[in-house]
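Peer 1: According to TrEMBL:
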- Tyr209, Thr221, Thr222, Gly223, Leu224, Ser225, Asp362, Gly363, Asp364: FAD binding site (BINDING)
- 2-131: domain 'Photolyase/cryptochrome alpha/beta' (DOMAIN)
- Trp293: site 'Electron transfer via tryptophanyl radical' (SITE)
- Trp349: site 'Electron transfer via tryptophanyl radical' (SITE)
- Trp372: site 'Electron transfer via tryptophanyl radical' (SITE)
Amino acid sequence: MTRTIVWFRRDLRIADHAPLYRAALRGSVIPVFIFDRALLHHPETAPARVAFMLNCLAGLDQDLRDRGGRLILRYGDPSEVLPHLIRETQADGIYAHIDYERIYGRVRDAKLNQVLAAENLRIRWFEPAASTPDLLRYPDYRNFWFAEMLADRIPAPSRVDVPAEIVSEPLPAVADLVLIANQVPIPDGSAVAARQLLDQFLDDKIDRYYWQLSYPGAEATTGLSPYLKFGVISPRECVQTVQQWQGLSHKAERSRQQLIARLRWGSGFAQRFRYLPQLELRSLYSVFDEDGWEFDEDLYQAWQDGQTGFPIVDAAARCLQATGGWQQLNFRIRALYSSFLSNLLGMDWRYGALHFMRHLLDGDCPIDHYQWAMQAGVTHCVDKTWTRIYNPEQVAVDRCDPDGRFIKRWVPEVAHLPPEQLGLPPKLKDYPSPILNYRAARQRRIKQLDRQRQAFLHQENLIPYLAQLPTCLIPFGSDRFASDVAWAMASQPNLFPSPLDLDALDLKQAQALRTWFVAHVNIKPRTVTPRKRRRSKRQPTSDFVQLSLLEL
Ligand SMILES: Cc1cc2nc3c(=O)[nH]c(=O)nc-3n(C[C@H](O)[C@H](O)[C@H](O)COP(=O)(O)OP(=O)(O)OC[C@H]3O[C@@H](n4cnc5c(N)ncnc54)[C@H](O)[C@@H]3O)c2cc1C
């Protein structure tokens, strides 16, 4: 009987999973997950996220058992473990989704391809939904995304037959992986739990999501991000579930569209990284990295510890470390917190992205790094609209936490103050004074960004100004945290899938690439909008409320 290894990575589910479905159609399946030292000891690894991943693996194992199978766990370098597993099990070959979340994975997979080819062993790579090797214009990618999301879902196999003699290591605890577990509460990682979050969203949040997604105290968002990060549920299942909901009010309809748009943003960031893996390590334009970041260890520490003297910033800092951020640290609070470091303290966004990744339960390299770079103003190239310097004073409290619930929960030193004093509290014994002057810091950053942007803003061909993939691929932060980066020392490693070769792009391709990095790119109307939107005169849109945080 044919045997196929299915290699799970960040697609820890049985539904809407083409490699598993196809393998089960062929015969026996060997579903394997490999604990890889290089990822477990990457400088951006968060023990809390690993703990959540272990819960996801337990959920995947249970789903496979419900179909007669089980998950096989192994340890080591996949380019050694997998060829060995093929020989041990007499498998035909390996099925796996392509993965381009980070550079390490692409180096690993290129090496695996080489090792397998040298031994005449086979692997079949499957494209994840909404992923393409082709260089599309962004509006075309958007249409492609909708088409992929509306395509038929791949069913879960009804049976998964795993050969009885194949042994698995037991599911470890975080400490067994030589990581220091912390006190962050870790949610259930099963697909059932992810689907329940969608149900709860429909029952309890959809009427308010669009209007409250910037209020951390409201917890109005889905909470799906850790599940999407590890692929416990596919974006296609989320979109199709959401699309099926009938009889929604006008308000709920607006929320539905907003949620679908956000799911698309997530896929779009991943696609940008597929084209340009250098975005993991560098700003989009090289001038931003070459000219003028500042660094001060004490200020960096104060920002991490929640000791800046700006209560909303400090609440974000403490919430991130205590909870892994997935429920309360919504987009706007993350943006405000990140802007404080890179724009107001003038520190390299990579220090912030590193800290986020070391704590976020949903830490996802393309979303995290790209969002950090975006909030720092070093991605989009058109004009000042992408200078996102958030006011962390009373404006932020009024717009994001008007009753002070979030701030008071995380910064008890200011819990006795009325909301109107939470922006800039009076001098307190046990709470620091502000570590910077907002207006002065803002002016300094605006001037710096204006100057840096002049280097490329009016050039017709932007390609020469884009950062290239560096020859040294050592991850940022490996000098601060003990990590295993031997893989990055190999001379000229290959990447799979291949990135765009910037030097080989013609002008038309260069223009297509540019559409991914300009705001307000002309986008055709979508096909899935079921109703025409009416804009209420009285109620400001959430975008309006959020962007008004950029005020002085
Ligand atoms: C500096 C910064 C760093 C971030 N780092 C991450 C990260 O590491 N991982 C992560 O999943 N999100 C990240 N985000 C985006 C956003 O804050 C989270 O996706 C969201 O808070 C997750 O909560 P949710 O699933 O309840 O969101 P919902 O609003 O319910 O959204 C559903 C899903 O849509 C996607 N999504 C939502 N907002 C965004 C967005 N702004 N950009 C891209 N995708 C989005 C996510 O997959 C999310 O799970 C970051 C944002 C900023 C400003």
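The backbone N, Cα and C atoms fix where each Cβ goes, glycine too.
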Peer 1: If the criterion is a C-beta within less than 6 angstroms of any ligand 1 atom, which of the recorded positions Tyr209, Trp293, Trp349, Asp364 pass it? List them in sequence order.
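Peer 2: The qualifying recorded positions are Asp364.
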Peer 1: Counting distance between Cα atoms, which of the recorded sites Trp293, Trp349, Trp372 is nearest Tyr209 (FAD binding site)?
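Peer 2: That would be Trp372, the closest of Trp293, Trp349, Trp372 to Tyr209 (FAD binding site).
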Peer 1: Under a three-state reduction of DSSP output, how is Thr222 (FAD binding site) classified: helix, strand, or coil?
Peer 2: coil
Peer 1: Where the distance is taken from Cα to Cα, which of the recorded positions Thr222, Leu224, Trp293, Asp364 turns out closest to Trp372 (site 'Electron transfer via tryptophanyl radical')?
Peer 2: Asp364
Peer 1: Judged by the number of other CB atoms within 10 angstroms, which among Tyr209, Trp293, Trp349, Trp372 is the least packed of the recorded positions?
Peer 2: Trp293
Peer 1: Taking Cα-Cα distance, which of the recorded positions Thr222, Leu224, Trp293, Asp362, Asp364 are within 10 Å of Trp349 (site 'Electron transfer via tryptophanyl radical')?
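Peer 2: Checking each Cα against Trp349 (site 'Electron transfer via tryptophanyl radical'), the hits are Trp293.
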Peer 1: Please list residues from the chain of Asp364 (FAD binding site) whose Cβ is under 8 angstroms from its Cβ, counting only those at least six apart in sequence.
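Peer 2: When sequence neighbours closer than 6 are ignored, Asp364 (FAD binding site) has Glu101, Ser225, Leu228, Lys229, Gly266 within Cβ distance under 8 Å.
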Peer 1: Could you find out if DSSP has Trp372 (site 'Electron transfer via tryptophanyl radical') as helix, strand or coil?
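Peer 2: Once the DSSP labels are grouped into three classes, Trp372 (site 'Electron transfer via tryptophanyl radical') ends up as helix.
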Peer 1: Give the number of CB atoms, excluding that of Thr222 (FAD binding site) itself, located within 10 Å of its CB.
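Peer 2: Thr222 (FAD binding site): 23 neighbouring Cβ atoms within 10 Å.
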